[in-house]
Amino acid sequence: MKKIFLTLLTVSLLGGASTAVAQDFTIAAKHAIAVEANTGKILYEKDATQPVEIASITKLITVYLVYEALENGSITLSTPVDISDYPYQLTTNSEASNIPMEARNYTVEELLEATLVSSANSAAIALAEKIAGSEKDFVDMMRAKLLEWGIQDATVV
């Protein structure tokens with residue numbers, strides 16, 4: 001599962017990169033890194049050590065932790081998730097990446113789809129609350145997972 005996550009991370013950082021000869025390779029992104037999955041060899045980097053906001057990468061970490069919960073049996077795709085006031089009200093914020101929540105209860109599967117396909121912050125928060133009990137406790141879980149992966153210089157809030 002870690003390799004899948006790292007592959008998704010690399011693809012999301014590279015965006016619309018095209019194949020080119022290494023010395024002529026350029027990318028429109030401000031920051032990028034391409035790592036060979038089996039060896040860990042860095043194939044390409046562009047401002048890779050400069051700290052930046054990780055934005056939707058947090059949603060991928062959320063999805064990873066949800067799949068861990070699915071794998072350990074603490075939830076299923078059909079597990080109902082009650083939507084608390086915070087993620088419900090967040091759907092009315094036009095500046096946040098969201099889809100409207102018209103109900104107060106969705107399944108884990110529906111919220112995963114909203115998180116992955118629509119990049120819905122509210123769906124990710126609802127899943128976080130379901131897994132950890134609160135957004136704060138889920139952030140602690142994300143920090144622990146990053147440390148487990150050897151990522152020590154990330155800030156998750």
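Count begins at 1; order follows the chain as displayed.
Cβ atoms here come from the backbone N, Cα and C positions, even for glycine.
As written in TrEMBL, here are the features:
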SIGNAL    1-22  signal peptide
DOMAIN    20-156  domain 'Peptidase S11 D-alanyl-D-alanine carboxypeptidase A N-terminal'
ACT_SITE  Ser56  active site, acyl-ester intermediate
ACT_SITE  Lys59  active site, proton acceptor
ACT_SITE  Ser119  active site
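Using a 10 Å radius centred on the Cβ of the residue listed as 'active site, proton acceptor' and all shown protein chains, the other Cβ atoms total 19.
Counting every protein chain shown, the Cβ of the residue listed as 'active site, acyl-ester intermediate' has 16 other Cβ atoms within 10 Å. Under DSSP, the residues of the domain 'Peptidase S11 D-alanyl-D-alanine carboxypeptidase A N-terminal' (20-156) split into helix, strand and coil as follows: 60 helix, 15 strand, 62 coil.
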